[in-house]
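Enquirer: Checked Swiss-Prot, it gives:
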- ASP104: active site (ACT_SITE)
- GLU171: active site, proton acceptor (ACT_SITE)
- HIS102, ASP137, ASP200: Zn(2+) 2 binding site (BINDING)
- ASP137, GLU172, HIS450: Zn(2+) 1 binding site (BINDING)
- SER451: phosphoserine (MOD_RES)
Amino acid sequence: MSHSLTSVFQKIDSLKPQFFSRLTKAIQIPAVSSDESLRSKVFDKAKFISEQLSQSGFHDIKMVDLGIQPPPISTPNLSLPPVILSRFGSDPSKKTVLVYGHYDVQPAQLEDGWDTEPFKLVIDEAKGIMKGRGVTDDTGPLLSWINVVDAFKASGQEFPVNLVTCFEGMEESGSLKLDELIKKEANGYFKGVDAVCISDNYWLGTKKPVLTYGLRGCNYYQTIIEGPSADLHSGIFGGVVAEPMIDLMQVLGSLVDSKGKILIDGIDEMVAPLTEKEKALYKDIEFSVEELNAATGSKTSLYDKKEDILMHRWRYPSLSIHGVEGAFSAQGAKTVIPAKVFGKFSIRTVPDMDSEKLTSLVQKHCDAKFKSLNSPNKCRTELIHDGAYWVSDPFNAQFTAAKKATKLVYGVDPDFTREGGSIPITLTFQDALNTSVLLLPMGRGDDGAHSINEKLDISNFVGGMKTMAAYLQYYSESPEN
């Protein structure tokens, strides 16, 4: 290891209390982008991050206004959270790396089943974990880029690259209007960017680090069933009116079977066929059904073989039903017939699926199923947001640098993986900036992002920051841009 990285690593270790403090302050802000009533908190978190950037010596900090959020929304003239752009360094002799992250988080409430308050960071050094909403997705990794700059400065070592940040506040709600900003700034603020690095995904399992070169996309839909003009008493009207909730259950139940097979005609034909060369890539990846069971806390896997699990997680589409808006969901018993219900579901997309064609197939299927019910209610299905799938080259300069950095920190070569989740903006960065995108995960596969008791292992937090630092150093030394 070079002397410079040794010094930086030592500072990452010694500055850990400062980094814990920064993360604690960030986690306590409930920046839930999907909750319109909490939009001011998303703005508060943007301000906090901007202040942290300024204190750490970043310059040219811009809080880019994205305007008003488009429908469907309940709050008129709802402002979108800003995108935070900033720079650290502007040396033309150095390579420029853009780092992306998001400061918004998923909804979380104690009554959802959390062991602790979700917006109060719990640091359990005895167990070696930190727990809180956003700690792994994506507040912890986002702040780590700032922490790495602090560690280089404290060590007295020269920062190896020019760093550009692009931190958004709507990733959990479709990254609205970020595409347009990136395309607009491709020859502006982002001009000269040599590589893009994103730390917003996870190790495949819990033991071995990975580098990720592909993601599924995500099309999110809602089916709306509308009946009576107001909610009704089931004792008076049950059995004599067509209930929207019953219709909705029929429509949602027709989308996918209990084995995960999507039942919408035409989807299978859009999926790129599996080649023998691609199939061979799965053989050497370290993963087992036991790791999947550990990550889910159950034995509910639909597949027994490693290859089948990974292919259905990475390279085949899936359909998930997420919930129903407008229906009773609190504790206790309420005998109401809801007048209007919104069934939420999404499809994870893969090469070579086309979003417009997929939406057409989904709407056609839902309309046909509803028509078969002969219900007097009204039904429509609409796309809420979509994000494209993405695949990169795992053998280019920055993947090579990241591989070397991972080996230095963790002592093993990382697995090269694709991922089942979606970061819609990856493809936009790749195409608009005409550059490579690397996914450099910090957290483990059992972190529980989007779930209760979201956590990040302290060893991954510290090791992740060291990997980020070494990646930037090694990439700066690579012979090609």
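Cβ atoms here come from the backbone N, Cα and C positions, even for glycine.
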Enquirer: Check the Cα distances from HIS450 (Zn(2+) 1 binding site) to each of the recorded positions ASP104, ASP137, GLU171 and keep only the ones within 10 Å.
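Expert: Qualifying among ASP104, ASP137, GLU171: ASP137.
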Enquirer: Just checking: which of ASP137, GLU171, GLU172, ASP200, SER451 have a Cα that is within 10 Å of the Cα of the residue listed as 'active site', counting only these recorded positions?
Expert: ASP137, GLU171, GLU172
Enquirer: Around the Zn(2+) 1 site formed by ASP137, GLU172, HIS450, which additional residues qualify by having Cβ within 8 Å of the site's Cβ center?
Expert: VAL105, GLN106, GLY134, ASP138, GLU171, ALA449
Enquirer: 10 Å Cβ neighbour count around HIS450 (Zn(2+) 1 binding site)?
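Expert: Within a 10 Å radius of the Cβ of HIS450 (Zn(2+) 1 binding site) lie 14 other Cβ atoms.
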Enquirer: Including all protein chains displayed, how many Cβ atoms other than that of ASP200 (Zn(2+) 2 binding site) lie within 10 Å of its Cβ?
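Expert: ASP200 (Zn(2+) 2 binding site): 25 neighbouring Cβ atoms within 10 Å.
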Enquirer: Looking at Cβ-Cβ distances, which residues of the chain lie under 8 angstroms from ASP137 (Zn(2+) 2 binding site) while being 6 or more apart from it?
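Expert: For ASP137 (Zn(2+) 2 binding site), the qualifying residues are VAL105, GLN106, ASP200, GLY443, ASP447, ALA449, HIS450, GLU454.
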Enquirer: Using a Cβ-Cβ cut-off under 8 angstroms and a sequence gap of six or more, which residues of the chain neighbour GLU172 (Zn(2+) 1 binding site)?
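Expert: VAL32, SER33, SER34, HIS102, ASP104, VAL105, GLN106 - these are the non-local Cβ neighbours of GLU172 (Zn(2+) 1 binding site), listed in sequence order.
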Enquirer: Once near-sequence residues are set aside, which residues in the chain of GLU171 (active site, proton acceptor), 6 or more away, have Cβ atoms under 8 Å from its Cβ?
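Expert: In sequence order, the residues whose Cβ lies under 8 Å from that of GLU171 (active site, proton acceptor) (at least 6 apart) are SER33, HIS102, ASP104, ASP138, ASP200, ILE423, ILE425.
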Enquirer: For the recorded Zn(2+) 2 site formed by HIS102, ASP137, ASP200, name the remaining residues of the chain with Cβ within 8 Å of the site's Cβ center, in chain order.
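Expert: Along the chain, the qualifying residues are GLY101, ASP138, THR139, PRO141, LEU142, GLU171, GLU172, ILE423, ALA449.
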Enquirer: Determine, from DSSP, whether ASP200 (Zn(2+) 2 binding site) sits in helix, strand or coil.
Expert: coil
